[in-house]
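Asker: Below are the features I grabbed from TrEMBL:
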- 139-354: domain 'ABC transmembrane type-1' (DOMAIN)
- 12-30: transmembrane segment (TRANSMEM)
- 131-159: transmembrane segment (TRANSMEM)
- 171-196: transmembrane segment (TRANSMEM)
- 231-253: transmembrane segment (TRANSMEM)
- 293-315: transmembrane segment (TRANSMEM)
- 335-361: transmembrane segment (TRANSMEM)
Amino acid sequence: MPGAGYYIARRGVVLLVSYVAIIIIIAAILELSGYATQIYQAVINELVRADVDALVKARQGQVDPAYIQEYRQNRTIEYMKQYGLIDENGNPVPSYVRMWKLAFNALTFNFGKTKEDLVAMVVPTMPPASITYIISVVLPRTIIVVTVGELIVVAIALLVGPRIAYRHGTFLDRVVVAYAALTSAIPLWWLAMLFIRVFGYQLGWFPTSLRGVTTPLNNFWSNPAQNFVTILWYITPPLTVFTIISLGGWLYGVRAMVLRIVREDYVMVAKAKGLPERDITRKYVMRPSLAPILTNVILALAGTLGGMIITESVFDWPGMGTLYYAAITTGDAETIVALFVIYVGVYLIARFILEILYVLVDPRVRVR
């Protein structure tokens, strides 16, 4: 019978094939549907218009209309070559060729360069800027706020949730249920704006815009102690808001999972035998609950790497969510594809980690 190693290897191959297939499908949707071409054409029109305006301004309006038309055509052809719509001879590049090129570049993480000012300024840098470089800069910023916030919430929920389940029906349990219902009804972005108004504008305890965090982040090792304190000052508002809103759902979720196990017959028997509550929790309750809890934790942590578009925009935090927003609003197809590829890769890696953890915590998987 194949062992655990064979099972893990097989799941790894399946996930890898899935990753390649997803990238090819996305490339086909973008190119064969003509959606990518429409985006490129819109971007090219804006770039050409900006170039023509700059030319007219530089010559103080003294430009022959025929020359402007010729200049516009030449710039259009040049940009169409840059975006791969035509080849060097001016012939249109078939959509299926662009599809395979896009898929290959995505699979090799060759995302190209962004020409959008709004996207590049998230770092900040000047276009054209490498998309891979931009993502490598903004991803850690999202990790230190959203991912760290998720870790804090998960740690609190795993410590408190099982104890609440044991005290089902008590005052503390009712408080947690009410807190979860309240926080699930409050939009995170609304609480973020309220936090900024009260603690930023009225009390002046925290900054109202977090874009200034780029300076201590980029120059951290020049003065680590001072920069660490400055970064902590900047990240406290989003961390606080994220923890307040997310904790209720996590507490309720862990409570529900553990509560289902607590009501099982074998747990009742363990209690009737007079076993210590700590042993019952560790051996009889948490072990069966481990698989679903691990699933929620790993997938939630993977999801945080994509950032939070609205919340980061409210706080003006230069992370993955802000980069998503900038790419979408400017129609930067290359950056959108790059972010999607990264997120799909992170999700599939998280799935692979889960497969390994399932083998370790669930004997049935090893037997299967």
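Heads up, the Cβ atoms here are built off N, Cα and C, so glycines get one too.
Bear in mind that the values here come from a model prediction, so they are computed numbers and not experimental data.
How about a rundown of where these features are and what they're close to?
Answerer: Using a Cβ-Cβ cut-off under 8 Å and counting only residues 6 or more beyond its ends in the same chain, the transmembrane segment (12-30) has close neighbours at 36, 99-100, 102-103, 106-107, 333, 337, 340-341, 344-345, 348, 351-352, 355.
Listed as Cβ neighbours of the transmembrane segment (131-159) (distance under 8 Å, sequence separation of 6 or more from its ends, same chain) are residues 109-114, 119-120, 122-123, 125, 213, 217, 231, 235, 238-239, 242-243, 246-247, 250-251, 253-254, 293, 297, 300-301, 304-308, 312, 317-323, 334-335, 338-339, 342.
Beyond the transmembrane segment (171-196), the same-chain residues lying 6 or more positions past its ends with a Cβ under 8 Å from any Cβ of the stretch are 160, 164, 206, 208, 237-238, 240-242, 244-249, 251-252, 255, 308, 310-311, 314-315.
Under 8 Å from some Cβ of the transmembrane segment (231-253) lie the Cβ atoms of residues 144-146, 148-150, 152-154, 156-157, 160-161, 164, 176-177, 179-184, 186, 188, 191-192, 195-196, 199-200, 206-207, 210, 212-213, 216-217, 220, 296, 308, 311-312, 315, 317, all in the same chain and six or more residues away from its ends.
Within the chain carrying the transmembrane segment (293-315), a Cβ under 8 angstroms from the stretch's Cβ atoms is held by residues 138-139, 142-143, 146-147, 149-151, 154, 158, 188-189, 192-193, 196, 209-210, 237-238, 241-242, 253-254, 257, 321-325, 339, 342-343, 346-347, 349-350, 353-354, 357-358, 361, all 6 or more beyond its ends.
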